[in-house]
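> One structure follows; several queries about it will come next.
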Amino acid sequence: MPRPAAAAAAPPARKVPLRKLLRAASVACGVQFGWALQLSLLTPYVQELGIPHAFASLVWLCGPLSGLLVQPLVGHLSDRIAPAASPLGRRRPFIAAGAASIAAAVLTVGFSADIGRLFGDDITPGTTRLGAICVYLVGFWLLDVGNNATQGPCRAFLADLTENDPRRTRIANAYFSLFMALGNILGYATGAYSGWYWIFPFTVTPSCSISCANLKSAFLLDIIILVITTYITVASVQEPQSFGGDEAEHPGTEQEAFLWELFGSFRYFTLPVWMVLIVTALTWIGWFPFILFDTDWMGREIYRGSPDNPEATQSYHDGVRMGSFGLMLNSVLLGFTSVVLEKLCRKWGAGLVWGVSNIVMALCFVAMLVITYVAKNMDYPPSGVPPTGIVIASLVVFTILGAPLAITYSIPYAMAASRVENLGLGQGLAMGILNLAIVIPQVIVSLGSGPWDQLFGGGNAPAFAVAAGASFIGGLVAILGLPRARIGSSRRRGGAHNR
């Protein structure tokens, strides 16, 4: 796919001010607010609906399976649309449509217990609510479709606005990561608060208990924040009218079939691109067990609670709320790291920073295994409240993981955007291809983590052991296989990627 020659008489494009890039990235806050609620509250919620812990991870297959095709397809379509074809350009219609899907999805998930009762569910505690589960799965799938349809075009939108300038691309992705941190802080703080049902009393119904009503109320708040941030992004800046290497600029070019173009583009990949994809895959094999079971781990292993046992339900929910508080602290460090990330990359190189962050991830997951062992063999007081030292150690690990999470949210996307530029691929398709390296590991973990955990007694520790190993290997590959020079140094060195 050759890149078109620039018009000789075209004036140099005016760079988009950084303040407008900041506004363009703001939708990440609204999307991540809902994602934080999803991560902290939904695994416990599905177990309340009657899905056993061993199968809870299978519910999360909806996200990877939808992301496997949705984000590459949306990216491909947004690459093909001519900027003048819509008053909003080519990326922003997909961002707005994705946000609308998220709003519809969180309403469906939040009211799934009520809708299930209309379908005849038995609402006796401890029973399996088949109708609510089916409604929940529809909403959950739509939620992940909306997340993928929003985030992919937004990442590509930022790449378009920075015109693939390596430094500005890193800054734009750092802004995106910063708003994700803000959304996480707000979302986890909302999930940690147990009094929303009192502020929104209409959410408590015969089929929706207090914990369910808190979830429902939190999702209603998510819709408000999502509407505000989506408007800011869509209204922030006009899209450029020309994009180098994108097929929308060549109406005479024969259109390739989507799947053929998606998988056929692999033949253009150079070794540095493959290394980015490999490290991304290993990184997400590390992250996904934590994303699945973080608050569940706090509720089960640390607070010794269970959503299936009425006598231990309160302890479990106390642990889930403490886990949400830990994830809020995690997001504070995530935001701080996003601010200083550009300086770290300039000083040490993006590949080294990414590799070291993965090693830190591995050490944190090992620490969680140690905490699990200590908590299992420690005598708790008669009240059942875990010792303060155990809780503090768990919160410290959750917090530290915010730094590598900021790097995961930023550096892979900046590297992918920089490295596909010379391949003539559209940024939307490029982000979709990178997403394949994220969702395929998620499918593997979703299918395997439940049976794997059951094989070793039913706890979350076996999945965290796999996470620690994958993170460590990914860190070594990043340190040894990714350039330590600044992203985009190939431009200044005639294409040589020096390490």
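Numbers run from 1 along the shown chain.
Positions of Cβ are set from backbone N, Cα and C atoms, glycine also.
Annotations for this protein, taken from TrEMBL, read as follows:
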TRANSMEM  21-42  transmembrane segment
TRANSMEM  54-74  transmembrane segment
TRANSMEM  94-111  transmembrane segment
TRANSMEM  123-143  transmembrane segment
TRANSMEM  175-199  transmembrane segment
TRANSMEM  219-237  transmembrane segment
TRANSMEM  268-290  transmembrane segment
TRANSMEM  322-341  transmembrane segment
TRANSMEM  353-375  transmembrane segment
TRANSMEM  387-411  transmembrane segment
TRANSMEM  423-444  transmembrane segment
TRANSMEM  464-483  transmembrane segment
> Between the transmembrane segment (175-199) and the transmembrane segment (322-341), are there three or more CB pairs that fall under 8 A, provided the residues in each pair are separated by 6 or more in sequence?
yes
> What residues in the same chain, six or more past the boundaries of the transmembrane segment (123-143), come closer than 8 Å to it by Cβ-Cβ distance?
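Distant contacts of the transmembrane segment (123-143): 34, 38, 42, 45-46, 49-51, 59, 62-63, 66, 101-102, 104-109, 111-113, 115-117, 206-207, 308, 310.
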> Tell me whether the transmembrane segment (219-237) sits in contact with the transmembrane segment (175-199), defined here as at least 3 Cβ pairs under 8 Å among residues 6 or more apart in sequence.
yes
> Taking 21-42, 175-199, 268-290 as candidates, which has the most Cβ pairs under 8 Å with the transmembrane segment (387-411)?
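It is 175-199, which has the most Cβ pairs under 8 Å.
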> Cβ under 8 Å, sequence separation of at least 6 from the ends of the transmembrane segment (175-199): give me the contacting residues as numbers and ranges.
21-22, 25-37, 40-41, 154-155, 158, 210-211, 213-214, 217-218, 221-222, 225, 229, 317, 321-322, 324-325, 327-328, 330-332, 334-335, 338-339, 341, 402, 406, 409-410, 413
